[in-house]
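Written below as structure tokens is the structure these notes are about.
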Amino acid sequence: MKKDNQSTVSEFILLGLPIRAEDHSLYCALFLAMYLTTVLGNLLIILLIRLDSHLHTPMYFFLSHLAFTDISFSSVTVPKMLRNMYIQNPSIPYADCIAQMYFFILFTDLDNFLLTSMAYDRYVAICHPLHYTTIMREELCILLVAISWILSCVSALSHTLLLARLSFCADNTIPHFFCDLAALLNLSCSDISLNELVIFTAGTIVITLPLICILISYGHIVATILKVSSNKGICKALSTCGSHLSVVSLYYGAIIGVYLIPSSSTSSDKGIVASVMYTVVTPLLNPFIYSIRNRDMKEALKKLFNRAAIST
């Protein structure tokens with residue numbers, strides 16, 4: 001019998017985090033504080049880069065876009081999760097669920113490409129320092145960001161259009177705190193073989209290839225550092241990569257934790273916890289990593305505080 005392509009569900013039920021009902025208020029306050037810190041911290045990074053002319057370099061150009069992406073990334077899932085926990089209403093309309101999935105994929109992919117662009121910037125800065133200003137010119141930086149946006153939009157749109165053609169018959173319960181693509185496909189009563197093929201293909205392009213490029217970049221960086229005879233040169237090289245490498249480790253570590261965990265019911269809670277790591281915790285930690293480990297950001301922050309103190 002041919003299945004109807006028109007969805008029969010008007011909303012989905014998000015089961016949310018695996019926590020007890022009596023603890024919702026506590027976790028709601030905790031995640032609200034984390035979300036506000038994420039937004040304010042990343043906005044501060046954008047403001048510092050905007051105001052301090054010493055930060056008008058390719059690395060900080062990419063960092064400002066990464067900060068904006070992290071704000072958007074968290075804003076796609078966390079406010080809805082907080083609302084559901086606060087009013088105890090886990091439903092989400094069909095159209096809102098599809099839109100949330102689209103923007104979640106968009107900003108996830110954008111994060112991958114921006115981190116890759118930053119790795120390339122560090123590779124050029126350390127391995128080809130004499131040609132850095134020639135290679136990393138403004139036009140190339142803008143082009144890399146534009147390509148990142150285009151590829152991310154195409155990837156997210158392809159998943160969204162393919163999902164929109166599927167039928168959702170009876171079960172509309174999503175065992176997650178947001179509309180995850182894999183969870184939605186598990187609820188569909190249509191043939192999802194094409195969706196799975198696109199997931200594999202797009203996953204290779206937007207996750208595997210960027211990770212390989214980052215690893216290759218740092219392989220060349222390590223090889224170059226080992227050729228430096230002075231300890232001062234090694235420390236300077238490591239200081240320029242430390243913040244980026246920390247963020248890459250956090251982000252890809254959490255993603256690998258999600259996608260390498262089997263999709264059985266016994267491990268679903270672990271998958272949700274891993275998802276919290278890269279949707280909530282990583283965007284929260286990024287401003288602290290770049291401010292604590294980065295001398296230029298510290299100096300820009302001191303200038304901002306001094307300017308504010310003088311004006312008052």
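Each residue, glycine too, has its Cβ placed from N, Cα and C.
Just so you know, TrEMBL annotations never went through curation; they're auto-generated.
The domain 'G-protein coupled receptors family 1 profile' annotation in TrEMBL covers 41-290.
Residues 17, 55, 63-64, 67-68, 70-71, 74-75, 78-79, 81-82, 85-86, 88, 280-281, 283-284, 286-288, 290-291, 297, 300-301, 304 of the same chain lie 6 or more positions beyond the ends of the transmembrane segment (24-48) yet place their CB under 8 Å from a CB of it. As annotated by TrEMBL, transmembrane segment applies to 24-48 (among others).
If you look up TrEMBL, you'll see 60-78 (among others) marked as transmembrane segment. Long-range contacts of the transmembrane segment (60-78) within the same chain, counting only residues at least 6 positions beyond its ends with a Cβ under 8 Å from a Cβ of the stretch, are 31, 34-35, 38-39, 42-43, 45-46, 49-50, 100, 103-104, 107-108, 110-111, 114-115, 117-118, 121, 141, 144-145, 177-178, 279-280, 282-284, 286-287, 290, 296.
Residues 58, 61-62, 65, 102-103, 105-107, 109-110, 113-114, 117, 120, 198, 202, 205-206 of the same chain sit 6 or more residues outside the transmembrane segment (140-158) yet have a Cβ under 8 Å from a Cβ within it. Residues or ranges marked as transmembrane segment in TrEMBL: 140-158 (among others).
Annotation source TrEMBL lists transmembrane segment at 197-226 (among others). Same-chain neighbours of the transmembrane segment (197-226): 108-109, 112-113, 115-116, 119-120, 122-123, 126-127, 151-152, 155, 158-159, 162, 181, 234, 237-238, 241, 245, 248, 252, 255, counting only residues six or more beyond its ends whose CB sits under 8 Å from a CB of the stretch.
Taken from TrEMBL, the feature transmembrane segment applies to 238-260 (among others).
If you look at the transmembrane segment (272-292), the same-chain residues 6 or more away from its ends with a CB under 8 A from one of its CBs are 17-18, 31, 34-35, 37-38, 41-42, 44-45, 63, 66-67, 70-71, 73-74, 77-78, 175-178, 180, 243, 246-247, 250-251, 253-255, 257-258, 261, 298, 301. The annotation transmembrane segment is assigned in TrEMBL to 272-292 (among others).
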